[in-house]
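Please read the structure below before turning to the comments.
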Amino acid sequence: MSDKQATVLVVDDETRSQDALRRTLDEEFRVLTVSSADEARALLLRQPVSVILCDQRMPGLTGVEFLKEVRERWPEIVRIVISGYTDSEDIIAGVNEAGIYQYILKPWVPDHLIDTVRQAVEAQGLQGDMHRLDLELRTSTPVLRQRSSQKLASAQSAFNFERIVRAPGSPLDAVCEVAARVARYDLPVMVLGESGTGKELLARAIHYASPRAARAFVSENCAAVPDNLLESELFGHKRGAFTGAYEDHAGLFQRANGGTIFLDEIGDTSPAFQVKLLRVLQEGEVRPVGSPRWIPVDVRVIAATHCNLESDVHAGRFREDLYYRIAGVTISMPPLRERSGDLQPIAAKLLEQVAQELARPGLYFGGDALAAMMAYPWPGNIRELRNEIYRAVALSSGEEIRAQLFSRKVLHGQPGTVKRGPHVQTFPQSGTLQERLDAIEAVVLKEALLRHRWNKTHAAKELGLSRVGLRQKLLRFGLEEK
């Protein structure tokens, strides 16, 4: 992001939804809210906006109808629609009719929403420039060639292995050394690691260190998109292929032609989709949905997952032939708790970025804050650390960031009760049955609250409790956000 906060416009006729979206986003973005398409139009005429988050169900125009108008009048704005609809054809129709960047289904998850908006803001900047680089490189104008070269140099400077923050002697040194060697060769790469460890950052560094650096780098989170939409998004579709397909749509494989595609959370794809992806990788060609013709593509694939794919292959959850196709070289990103020496330089860099984005110069960590960060195991890795630093900066009144500004989970988190890897949880091995059940229940409650950023209404709904019932359990177990 730039040194200014990106502006996000929320269009929703329900005040509670507006408030929930604002609370989730306003620590990182400048959030504006309006209740109708008319109010949104008036605002867009007065000031620039980076991203629009629009609810699908509104009086008058639907969200898709309004965003279609936005696409025509303000095409530079990234458009995101939020809806409770679950029909795949409706989702695909909406995405393509209005050129929507992402479709988020209710109930949305705060961390996923924040990540989606971050990626949308980024799509306006450097990556948007890189997608236009191919065209500019083909022009004969020396000025344009020079500008394209400058953009490439800027991207290579922003996304290189040296820019991956770490301490001297970090375990990441070996990771980056292997990745730098692999980058030179046109091999598929599989990046393994927990959520928030920086897998996409490593993938970008590999791309910009490769012979494909001058061509596009595109990414897709496979876990965040329904199967039918994922097929259209990656492979494209023809006009009339399904309801709402009003024009031809080039998929991400075509956009990445000559470059690199990053497929995040590939382990969460369905067996049906895995078959289609395998065909594309084997033959080097894609067939858009509704088209009889195969289109050749030359794309390097970097995939990533938090899953143990070898176990999934043995269990029949992931195709063995696809696994060997995408895992030419496997690189593991260690979690933050296994590289504690990196925590302070990473935290310092994040604080510098947040201070710049929020116009708060001169911030620094107090000794107690550093001690608290070092004592906490960070199950959410760098993403969780970033969120905590945003929270602390937003709550701080002076230049020193103190430990008391961190959330309760950081101040009181116990290393023996956090996740050590995907789907792994440590529980008490002694005590009465009731004591053990109470310990498990407390962990389940805490994890639900963390997922929903301590929104008790959403957590209660997930757990099948009334809000009063959840409140009673929180009091019983002494769970309360500080």
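Along the chain as shown, residues are numbered 1 onward.
Using the three backbone atoms N, Cα and C, a Cβ is placed for every residue, glycine included.
According to Swiss-Prot:
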- 456-475: DNA-binding region (DNA_BIND)
- 193-200, 265-274: ATP binding site (BINDING)
- 7-121: domain 'Response regulatory' (DOMAIN)
- 167-394: domain 'Sigma-54 factor interaction' (DOMAIN)
- Asp55: 4-aspartylphosphate (MOD_RES)
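Cα separation, Ala272 (ATP binding site) to Asp55 (4-aspartylphosphate), rounded: 31 Å. Over the domain 'Response regulatory' (7-121), the average per-residue pLDDT in this prediction is 84. Across the structure, Thr269 (ATP binding site) and Asp55 (4-aspartylphosphate) place their CA atoms 27 angstrom apart. Taking CA atoms as the reference points, Gly196 (ATP binding site) and the residue listed as '4-aspartylphosphate' are 28 Å apart. For the recorded positions Asp55, Gly193, Ile266, Thr269, Ala272, counting C-beta atoms within 10 A of each C-beta gives the highest total at Ile266. Secondary structure at Lys199 (ATP binding site), taken from DSSP and collapsed to helix, strand or coil, is helix. When Cβ atoms from all protein chains are considered, those within 10 Å of Lys199 (ATP binding site) total 25, not counting its own. DSSP gives Ile266 (ATP binding site) a helix state. Remark: secondary structure over the DNA-binding region (456-475) totals 17 helix, 0 strand, 3 coil, with classes taken from DSSP.
Here the domain 'Response regulatory' (7-121) has, by DSSP, the following mix of helix, strand and coil residues: 54 helix, 25 strand, 36 coil.
Across the structure, Asp55 (4-aspartylphosphate) and Ile266 (ATP binding site) place their CA atoms 28 angstrom apart. In the shown protein chains, 22 other C-beta atoms lie within 10 A of the C-beta of Gly196 (ATP binding site).
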